[in-house]
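Okay, so here's the structure we're looking at.
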């Protein structure tokens, strides 16, 4: 145990006494297995606890919960090869005697299981003192010669159940293969069986150390937790999408049908995957889903101290092993990595505990436990869980012939870097906690202090979050998509400056994406360079890829089929609207005028059924000539009556990208499920049309829709504004503008992950933008700067205008043919280069006996298997400077110690202040000492901790500090109370891991304090923009369905509710993986 850690009495982690007894499963109707009654004698013997320095025999630390955990190990773990299991034996002399005791106890437990639960427990309790005395008096036999009692235990079959009856819960309940347990036993030799039982000692020793931690958990929770943590068969990360066939998934995470009764939480029931026939007929998909859900809840409910101390215990064990492997470079690097993991975990635990202690003060209400502090703690716990799983895998397989040293070292280094940066973010959050007023999430202080805080924050290293650790905090089903997006992004960025368009860029990116797919470190460094240095025009071009005709057509083929999907062009003509206070009076609604003068507004009408008015001549005259007219593809159907409802939708895209076409797939589903026509506004985009052009167009289209709702197939009785991200911002501002004009306000608003604060203010959730692959901080700042009217570079090419359309086609064709040749050659050369390096390293002579594995030999080599010319050994600074050129063999190697990476000085970043003030601010900053910088990072960090700094100079990352960002029609959160009181009922659907989460929480808090009807639902483990990913996985579909339910509350309020609809419900959604 680490010095300074507290020792807690045994009563803190003993299983709960109120457990139902386990009854044998009978043939016929399926029954739910439950836990066995605890033996009072066993509990009494385990109540006493000695100091950690007194090493007791291993069996004296065993509990019934661990017997269950050990007895529920997968059969696949018992089928390991003899050589692999031999290496799993511990190196310490004391625990080598415990396998004998363990085998005898397991043999007696199997015999007792045939006599009944109560009798078996008594027999074990009576014989345990004698066994302990025998253990102390006589040394245990070596691993090669088992004692007679052990041989008898090995000769006993693993399962002696009657034919047709199910096995006892103490035996493995499921098999990972199609063969029966009897066949599996026949294929395993006696030597393998002996060594398999001996190999389980490592897991037993790990669980024994876990008992010394502060925990109070039931036996079933201990069993599920121990099986998840000790799953060393699969090398993939926790919850990875490739875990479908892993033993933890196929072997059953918990007993089928058992409710995990977490303290203070509602039970989570894992349904059985079979219907009374055979456990082998369950589908792997359902097992995979159950494993992910259970592992996710274990992460949520696992005690933070338990997780940290478990990780520290494993790290110390790995340090002791690799330190004894000689002076090899790889062994030293592995020892250094685990030392860093131990240091960062111990430093992070108290900081996370402090944040958790006050996080509830920033929630909307007790039923809605969501804010940036909680999200930051959850992200850190996810990183600790991944390191815990990876450390356990290394501890169990480090001497195996199949152990990939280089791969596991790279994984550990990446997650250690992520953990280090997360610790820095936690210290930032503590600084915000001290500075902000109680209950306020956004920093409120002097703008100079805010600038200094964000300038220091933006210089943190980010590449580690975009390589191997990409999206580790999100649901596993969405991580492959994020990897595809990141590879496409960095490949697209290489060809952005070449002024290519269309198919040429896509083809070039395809051929250059190979090296980024092979090398995650290079991909992360390039991702960081692009996000910090490329301007908003790049992001606009990249996000608009979904607007291509080919991609949009494919998306529409997979979406629901609707009768009406038309692109309309609203003429820029003023019209009158009646006032709500006095309908006899009217107000003139002028067409949009800002920046570019009067112009038409494009809207898309979507309706599942053809309704009255939608095929009128007046509406047909507004159809844009090149717009979709899906109505013409259908024979003229019978018209449906006008709907009572109308949905006005504003799409997202950061105010700079996308149109209604990108969001059409889920809008079609909305039209089908809600039975209401939808009108989606294609507002003008920044930077060509900054604020307030988009607001003017959206308000003009909203008023036009109210006045001409009959043409849209609606009576206009209920009108709902809906939008996501930037569209959510427009929902609030349009409603505020309607109230200011005195015209009809909508009946309700559904905003998904809206941006309500565009002012450059720090908040705990916005700290997550450091690692968010879809909404990095630099991208957020550039989008807001463009919408606020900041000057951007003009990338319009006069040569393209002179070429014309046919000239562009000919030029792109020539570039495409050239890229086919150069791209294929580059990709093949990079692949052959990496293969050649690997073959050269493998051909080096290994002066070791044949009994040693390749990994063992690599640990002892003076020059490890990762040569100094490998990309894995380059620092991220070297990778960024390397670019497309070749790196010489004398490139310095990657060292993940904080002392090596911290000296890199951050470059000055013009993040908040205008360009003319950046130089003076930088000079003043350099003159100040660390203690005089107020919110400076070095003053916020404890002594000895140094986060990693980015080597990329973010010279093009200004956030326009114009006073316009404080305009309530741009930042609704800053609106005065009188304006917020004019809003209709608001329904917000936010993401717990979204950098914009605090925007939603603070707006909901303000509306709640004003007595306004508001609901807040927070979905877990999903990124910003999940609506456009609705068809990707089950979690995104459930989140999209939640948005539909919120809209339905506006269109059809529940019976008994007033015109404001639902007023009090708020919470964190559990159907989408939320906290229960």
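Cβ atoms here come from the backbone N, Cα and C positions, even for glycine.
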When Swiss-Prot is consulted, the range among 229-250, 251-272 described as region 'Disordered' turns out to be 229-250
Residue 725 (active site) has its Cβ surrounded, within 10 angstroms, by a count of other Cβ atoms equal to 27
Running the recorded positions 725, 950, 951, 994 through a 10 angstrom C-alpha radius around residue 1024 (active site) leaves 725, 994
Residue 994 (active site) sits from residue 951 (phosphoserine) (Cα to Cα, rounded, in Å) at a distance of 26
Once DSSP output is merged into helix, strand and coil, residue 951 (phosphoserine) belongs to coil
Counting every protein chain shown, other Cβ atoms within 10 Å of the Cβ of residue 950 (phosphoserine) number 23
Quick tally, other C-beta within 10 angstroms, 951, 994, 1024; top of the recorded positions is 994
Here the Cα-Cα span from residue 994 (active site) to residue 725 (active site), rounded to a whole number of angstrom, reaches 11
Whole-number Å distance separating the Cα atoms of residue 950 (phosphoserine) and residue 725 (active site) is 28
